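**Q** Please find one structure pasted underneath; my questions will follow.
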Amino acid sequence: MLQEILASPVEDKIFYAVLVFSWTVYTWEAYLACRQRKIYRTTMHVPTELGKIMDSETFEKSRLYQLDKSNFGFWSGLYSEAEGTLILLLGGIPFLWKVSGILTARFGFGPEYEISQSLVFLMLATLFSAFTGLPWSLYNTFVIEEKHGFNQQILVTIYADYIAPLFDKFTPLPDGELKSEIESMAKSICFPLTKIYVVEGSKRSSHSNAYFYGFFKNKRIVLFDTLLEDYSPLNTPGEKEPGTGEENEAAGNESKTKPKNKKQGCSNSEVLAVLGHELGHWKLGHTVKNIVISQMNSFLCFFLFAVLIGRKELFMAFGFHDTQPTLIGLMIIFQFIFSPYNELLSFCLTVLSRRFEFQADAFARSMGRSSELYSALIKLNKDNLGFPVADWLFSMWHYSHPPLLERLRALTGPKQD
């Protein structure tokens, strides 16, 4: 078999090389995921560093949530890899291109109308991808996320991911101590803050977040309501049904014995620490550096695309013997030929991102927010059911943010440049 491949035409070598590399990457990813699942299964107790601040119930919820996600990821990943392989082996791409040509011909557009055929091809490919991916997306949202209390939807997941963010209610943060403190912090590092918003993220998910956006001298900070302890609707107690005197007395006695539900979100001082971290990304130039890297990568990729687009053997490798559509060339080169480069670049960017996160933590620490950031990271980890223990190889390859324990140790360790 190997000798036949080596003696085959160059287009066949390209095709089999793409398949082999794709399955090699999948096998590597599956191996890393297996290592991490072992961590989820065997780590049954709260780490020593978190013993006083993370209860065993929260730790167990986090462990089970991540275990469910990992198991789901294994099966969805296997399906995706098998589907991609079958599409290539059965000539799915040239078949879909041919169908697109037939459809455009019905409307009087011949082969010379490549743009029209490309648009139809994209539409059909998108519909196919949405159709085959919908069951997995629904299961993830309405089974896994619902099981662990994150799904707040009534509607399908497409609404939550793509439509709802366009209509999220952004409310200006009311005047008060928190707003004054944020403005003062921004002013101290010359951050050109113009507005502060609170967005109702709790309508779609109970995950917490904060970010800033804007160009030049017009920056705006956005806080999820789930991040703010004083604003999160998830902390609002539900109305109680009236009961008899005996029932009320029993309920009162029961409430004394049962611990109160822990609030979600961070205190004002912890929110300021989180923002100190985010502003550190801006002050240290991380955003600009990422933009520069992205632009350089885009220039390199399109330069190589211009060099390779005329190579007929690339098209022949994927079943295009008589035509060389530009859209198909983009797909072949960027999705398949650039795969090794993309994997290497992704790993390098992950390493760089982790370094930036440590630097942003150190910046918040230099502002005197070390203890507040320490407690905020733990709270956010608990609110998002993040698991604080990670396999070193899995985290090194996948985590754009350092694992929680590593960040906490860095905050309490000696200061580094």
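Heads up, the Cβ atoms here are built off N, Cα and C, so glycines get one too.
Unlike curated records, TrEMBL annotations are generated automatically.
These came from TrEMBL, pasted as-is:
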ACT_SITE  Glu278  active site
ACT_SITE  Asp361  active site, proton donor
BINDING   His277, His281, Glu357  Zn(2+) binding site
DOMAIN    37-153  domain 'CAAX prenyl protease 1 N-terminal'
DOMAIN    173-413  domain 'Peptidase M48'
REGION    235-264  region 'Disordered'
TRANSMEM  14-34  transmembrane segment
TRANSMEM  86-107  transmembrane segment
TRANSMEM  119-139  transmembrane segment
TRANSMEM  291-310  transmembrane segment
TRANSMEM  330-352  transmembrane segment
**Q** Any chance the transmembrane segment (330-352) and the transmembrane segment (119-139) are in contact, meaning at least three CB pairs closer than 8 A with a sequence separation of 6+?
**A** no
**Q** Pick the one among the binding-site residues His277, His281 whose Cβ has the fewest other Cβ atoms within 10 Å in this structure.
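**A** Among the binding-site residues His277, His281, the sparsest Cβ neighbourhood within 10 Å belongs to His281.
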**Q** At a 10 A cut-off on CB-CB distances, which of the recorded positions Glu278, Glu357, Asp361 has the highest count?
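**A** For the recorded positions Glu278, Glu357, Asp361, the Cβ with the most other Cβ atoms within 10 Å is Asp361.
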**Q** Other residues with Cβ within 8 Å of the Cβ centroid of His277, His281, Glu357 at the Zn(2+) site?
**A** Glu278, Gly280, His286, Phe356, Gln359, Ala360, Asp361, Phe363, Ala364
**Q** Spatially, and counting Cα to Cα, which of the recorded positions is closest to Asp361 (active site, proton donor)? Options: His277, Glu278, His281.
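**A** So, of the listed recorded positions, the one sitting closest to Asp361 (active site, proton donor) is His277.
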**Q** Which residue counts does DSSP give the domain 'CAAX prenyl protease 1 N-terminal' (37-153) for helix, strand and coil?
**A** 92 helix, 1 strand, 24 coil
